[in-house]
Amino acid sequence: MSAMNAKASSGGAEEASGMRTETLGESRYSGEVKRGQVIFIAYLIATLELTFLFMQMGVMPYLAKSLGLDSVWFGYLQTTFGVLQLVGGPIFGRFADQFGTRAALTLSCVSGSTFFLLMSISTSIPLLFLSRLPAVFMHGLPGAQKVITDLTAASQRADALGKLGLCFGIGIIIGSALGGVLSTKFGIFVPIYVGLVGNLINTMIAMVWIPLQAKPKSDHHVMENSTSQSGSVFSIREILRLMKFPGVMEIFMVKVFAGLPIGLFLVMFSIISMDFFGLEAVESGYLMSYFGVLQMVIQGLVVGKLTNHCTERTLLRLSIFVFASVGLGMALMRTVWHYCIVAVPLVFAFSTLGTITDSILTKAIPSSDTGTMLGICASVQPLTRTVGPTIGGVLYRHFGVSSFGYLQLIVNIGLFVYLLKSKIPLREMKS
């Protein structure tokens, strides 16, 4: 009898153990599904926000011209947008670290709605400049990066971040095309109204589908005791503190200087496409769409695959080497077809550098500070847009298009030699 009881007890224990195992398996499966859904929603929010942003970029010159804004003041308007994004990036990142990913993405979407609302009532130049103000918190892409960083393992991070290139490419292609079609057929303000409604929908998506805090529960106690949770969201000292972690300043400087020359070229591209390549507005649009397709394919598919087979140190050096080669190609190009060929390695280097440096920098700091670091990284492109018109204008006027290529070549050869000799500490991981 005792043996039967023992056997029954053993069977019950095994059954209970099996049930616990099954429950645990279901829990893990459920967690994986939920994590995948949240990441997909983050991709969706980023795609929609970028689509609306590129849509308004297409109509902004015409709106400015209709209000009597000349080319000089239009440059000031663009610089205002760049400065606001530059200042707002780190602040938005600290906000995300302190208040969570849902609050951060909601703030970005609400700011986008306000941005388009003010544009829709911009019947004077002062109102048009005022409409740029919400740009300080319009950071949907860093917000999506924050969600992905919180929900992915370090070894999978570069691949997941790389897929945001698909969002960027879709935003360029659909946004540019939709803005042109709507403004031509229905009037210049219709794309702005679409952007307003779209951002309101995006706000609802963020509030309903993004969790209050995407970080794993195991990280919550770290957050509570982290210095990032203390002090003001606007604390410069807390933002600069991250630069003191091993390797962070070096990698960030590589990120800034490697992409600066090509950033200057892209800022001046609208003028170069007209004067140097002799393109019409429609042809320039086709070229931008080509650039967007390359961005989708290379960053969304190629870079992610490479991160599964190569270390981040190797990919960082490779991107710098390709950038140097691109510089030589740009210095020698004479036609738009030359540029179409150069654009392939250009987009590869640009996408790889951005994805790998973001991945490295978020791994080099505590998990409670990833939002701030992503905000700092997001400030690199606004910095280029801020100084680009002035520096790029001088280079183009006095030295021609080839000067951008030679600058790209010289800067990246120097960085490549530095990376070969340096001992920057990196967390080398492969999937």
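If you go along the chain as it appears here, the first residue is 1 and each next one adds 1.
Using N, Cα and C of the backbone, Cβ positions are placed for all residues, glycine too.
Among the ranges 104-121, 338-355, the stretch that TrEMBL annotates as transmembrane segment is 104-121. Per-residue pLDDT, averaged across the domain 'Major facilitator superfamily (MFS) profile' (35-426), gives 86. Tertiary neighbourhood of the transmembrane segment (251-272): same-chain residues 243, 284, 316, 319-320, 323, 326-327, 330, 346, 350, 353-354, 357, 360-361, 364, 376-377, 380-381, 383-385, 388-389, 391-393, 395-396, 401, 404, 407-408, 411-412, 415, 418-419, 424, selected by CB-CB distance under 8 Å and a gap of 6+ residues from either end.
Looking at 38-59, 71-92, 160-182, 284-303, 399-420, the range that has the most CB pairs within less than 8 A of the transmembrane segment (315-337) turns out to be 399-420. Of the recorded ranges 38-59, 71-92, 284-303, 399-420, the transmembrane segment (188-210) has the largest number of C-beta contacts under 8 angstroms with 38-59. Panel annotation: around the transmembrane segment (71-92), residues 60-61, 64-65, 104, 107-108, 125, 128-129, 132-133, 135-139, 142-143, 233-234, 239, 371-372, 375-379, 381-383, 385-386, 389 of the same chain, lying at least six beyond its termini, place a Cβ under 8 Å from a Cβ of the stretch.
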